[in-house]
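Engineer: Pulled from TrEMBL, these are the listed features:
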- 62-123: domain 'LIM zinc-binding' (DOMAIN)
- 124-183: domain 'LIM zinc-binding' (DOMAIN)
- 186-245: domain 'LIM zinc-binding' (DOMAIN)
Amino acid sequence: MTDVDVLSSRMKSRLHLQSKTIGAERIKKAKDNNEDIAVLSMFLPNASAVEENRNFHCQLGDYCRQGDPRATKAGTKKMEYKTRQWHENCFCCCVCKTAIGTKSFIPREQEIYCAGCYEEKFATRCIKCNKVITSGGVTYKNEPWHRECFTCTHCNITLAGQRFTSRDEKPYCAECFGELFAKRCTACVKPITGIGGTRFISFEDRHWHHDCFVCASCKASLVGRGFITDGPDILCPDCAKQKLM
């Protein structure tokens, strides 16, 4: 029997990975809270901003949407994130090229992604339905599943958090596995599944549940005792003698 494993921390909701673009009114609070932020500000015309503007260089370089990565026209806005700078409309998703604006974004290896493109490119997908797993989930054979997608191959009951077993790399609930594949008890004809360490007895090509292995005549348990076969029946030595008399 196998238990489902909970997916590792890499399966956390993408919401935990996102950063925010914010205005000046929240910068101090965000820094105090150690938030991962991008700061939106305006190019100023006064003398105090000359040196700051001179050092500006848009990260898009030759692909700058303003045409000049050093453009610092007063009144236009710039974005700053982890010592890097962009014109406001140049701070965009590296995949779909949509400007981030004040929406959430996800940084990865020097690139900036909008939430949708990040999910499409990097998020873990369920092996069954191919949809993104945003939280929770289970792993089976090192593959990710939504909890609701991880079901018995035969009856489709959810297996997450339940005991199950497998055959030919496919998961089955205990009941279906017993009905489809398990040996059957010679006495009660019910499947012998082995669930929970169930004990059973085998003799030649016949099998019994531990509790079903009894004398056909007196019903005494034959577990650990000698017995005699009598056609389809098994008998304790005493009952076998009685039958021969």
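Note: Cβ is positioned from N, Cα and C throughout, glycine not excepted.
Remember, predicted model here, so these are calculated numbers, not experimental data.
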Engineer: What is the number of residues in the domain 'LIM zinc-binding' (186-245) that are helix, strand and coil, as DSSP sees it?
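Structural biologist: Result for the domain 'LIM zinc-binding' (186-245), in helix, strand, coil order: 14 helix, 18 strand, 28 coil.
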Engineer: Please spell out the DSSP helix, strand and coil residue counts for the domain 'LIM zinc-binding' (124-183).
Structural biologist: 8 helix, 19 strand, 33 coil
Engineer: Residue counts in helix (H, G, I), strand (E, B) and coil for the domain 'LIM zinc-binding' (62-123), per DSSP?
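Structural biologist: Once the DSSP states are binned, the domain 'LIM zinc-binding' (62-123) shows 13 helix, 19 strand, 30 coil.
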